[in-house]
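Participant: After the structure tokens below, expect a handful of questions from me.
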């Protein structure tokens with residue numbers, strides 16, 4: 001799971017609340033993390049693999065590139081997969097090499113490898129899940145700008161600079177503050193650890209607070225866009241607007257379910273840290289709640305990768321297409337068919353999965369009003385079927 005407590009655990013003189021949750025049933029907790037992360041990694045990869053039934057994969061043919069929103073969803077899945085891989089490696093080492101873990105508990109230990117592994121694995125997990133948060137924020141910004149006709153494929157470069165730059169900067173800065181002056185002699189006190197926790201949870205809070213507002217404004221803009229095409233709001237257009245709204249709702253629902261336990265758990269642990277004795281009898285309920293949310297985090301944090309792909313694309317099935325030549329042929333066939341039927345939206349539908357009949361009808365009706373509206377609707381509708389990027 002992704003928690004700043006993993007980095008704090010690397011300090012031999014860690015605080016009492018971190019010691020409390022980390023050392024409670026560590027074998028069982030590690031097994032839960034491995035199981036959840038493994039399932040999420042396998043099914044996330046399965047979700048984004050090309051399928052035989054009209055799926056497309058990015059970069060297999062020299063045709064117009066997909067919108068930046070489509071690429072962002074793919075990058076979010078990759079970040080989640082790499083984060084799950086880090087959880088699997090870390091938890092496996094914890095279970096398989098207990099002596100390595102015990103070496104972290106020894107202050108001024110001459111063997112540096114336990115601390116190197118502890119810090120390295122924790123930073124890996126934090127970096128990629130933090131990048132996933134930043135990319136989720138960029139997705140909300142991008143779909144809003146696309147509807148406002150203020151974004152294009154070139155903005156993906158800017159998103160890369162923002163997300164990876166901020167993720168690396170905050171991760172390194174937080175860890176540097178935590179391990180000052182050295183890992184083996186971390187300073188005590190909340191003032192020392194607070195910058196690390198802020199840099200960890202800043203992108204998470206940004207998504208929880210800002211993304212719902214951006215999605216709501218995007219839905220309103222889409223509704224106005226659909227009504228403004230012909231001056232009417234047909235059944236098919238209303239259905240498309242509803243599906244876009246449901247898609248945004250599913251994305252935020254998955255995010256809240258998977259990451260809200262982190263906020264609750266951290267608040268409880270900070271409250272325990274401020275107490276003189278965290279083992280006091282009047283704190284029993286808080287300790288139990290902290291442990292419950294800790295184990296919930298061990299399950300839901302890794303599963304966010306797979307649940308995100310379900311929110312983005314729906315269930316894409318097991319029908320994986322391993323034939324590169326077949327995928328190329330399907331791509332070219334789809335390109336010629338789409339372009340022939342609708343030259344305006346042909347390039348957009350090229351990198352989409354098969355879209356429902358109602359959406360196809362809507363796209364064709366947009367033909368007379370220009371490219372931008374068509375692109376905006378197509379970008380938002382892609383992934384509602386079974387998209388493989």
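Any Cβ shown, glycine's included, is placed from N, Cα and C.
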Participant: Can you check which of 123-145, 330-352 TrEMBL lists as transmembrane segment?
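Facilitator: Per TrEMBL, the stretch marked transmembrane segment is 123-145.
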Participant: Looking at 27-49, 96-118, which stretch does TrEMBL describe as transmembrane segment?
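Facilitator: Of 27-49, 96-118, TrEMBL gives transmembrane segment for 27-49.
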Participant: Can you identify, from 157-181, 357-381, the stretch that TrEMBL calls transmembrane segment?
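Facilitator: It is 157-181 that TrEMBL annotates as transmembrane segment.
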Participant: If we skip the immediate neighbours and take only residues 6+ beyond the ends of the transmembrane segment (157-181), which ones have a Cβ under 8 Å from one of its Cβ atoms?
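Facilitator: For the transmembrane segment (157-181), the nonlocal Cβ contacts are 4, 7-8, 10-11, 68, 72, 119, 123, 126-127, 130-131, 134-135, 138, 142, 187, 192-193, 195-200, 202-203.
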Participant: Would you kindly list the residues that approach the transmembrane segment (247-272) from elsewhere in its chain, counting only those six or more residues past its ends and only Cβ-Cβ distances under 8 Å?
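Facilitator: Contacts of the transmembrane segment (247-272) (Cβ under 8 Å, skipping residues fewer than 6 from its ends): 2-5, 16-18, 20-21, 136, 139, 190, 197, 201, 204-205, 207-208, 211-212, 215, 218-219, 278, 283, 286-287, 289-290, 293-294, 296-297, 300-301, 303-304, 307-308, 310-312, 380, 383-384.
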